[in-house]
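**Q** Here it is: the structure, laid out below.
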Amino acid sequence: MKRPVLIGITGGTGSGKSTVAKEIYNKFDEACIAMIEQDSYYKDQSSIPFEERCKKNYDHPDAFDNELLIDHLKNLVDLNVIEKPIYDFEAHNRKEETIKVEPRDIIIVEGILVLQDPRVRELLDIKIYVDTDADVRIIRRLLRDINERGRTVDSVINQYLTVVRPMHMQFIEPSKRYADIIIPEGGHNRVAVDMMVANIKHLLQK
C-alpha cells in the first residue's frame, strides 16, 4: 500500500464542509477511504466539572488536542491503525470507547480549524476551504445544535454572537489563504465535488 492521500476540508460552522466531505467519501469504495473528524479531537475534560465545560470556547484552537490528531495522522501515513476518540457533545467530553481506523488510500480530515495549525497543513496533500455566506451558516448551526446536540435556541444564538462569529473572523476565515481550492456554496456545489473526486483519482494513479 502506498502513502495515503490526505485531504483537509475546512470552513466555518454550518458551511457545508461535512457535506462536501461526505459527498467525496461516498464517491469511493469504503475499503479505500477513511474519515477523520476534527470534532473527535476535542480535549479530554474528565477533570473539569460539567458546568465549567459548558462555558468553554470550543471554536478556539486551544480546545483541540492537535498533538493527538497529528500523531494519529502520522500513524495513518505510516500505515498504522489508530484508535480515534469519540466525543459526546451533550456531555462536552470524550467517551471512554474509541473507533478503530485502519490506514486507507484516502484519508479525509474535516473540521473548522484543519488549516489553522501548520503542522496539520504540512501533512495534507489537498487543502479545501468551503466558503458559505454567514446567514446560511448560522441557520444551519441553529438547526444542527438544537436537533442533534440538545441545545436551546437562546444558547445557540448567544454562543454564535459571543464565541462562534469572533472565532470565525480571528482563526477560520484567515486560514482560507492556505487552501488549494475554495468551494463556494458548500455541499450543493456538485461541479466542484466532481472535480475534486477526479483530482483525487488522478493522485491515486500516480
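Even glycines carry a Cβ here, placed using N, Cα and C.
Quick paste of what Swiss-Prot says about this protein:
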- Gly11, Gly12, Thr13, Gly14, Ser15, Gly16, Lys17, Ser18: ATP binding site (BINDING)
**Q** My understanding is the cutoff is Cβ-Cβ under 8 Å with a sequence separation of 6 or more in the same chain; which residues meet that for Gly11 (ATP binding site)?
**A** Lys17, Ile112, Tyr129, Val130, Asp131, Thr132, Ile172, Gly186
**Q** Show, in sequence order, which residues other than Gly11, Gly12, Thr13, Gly14, Ser15, Gly16, Lys17, Ser18 on the same chain lie with their Cβ within 8 Å of the centre of the Cβ atoms of the ATP site.
**A** Ile112, Val130, Thr132, Arg137, Arg140, Gly186
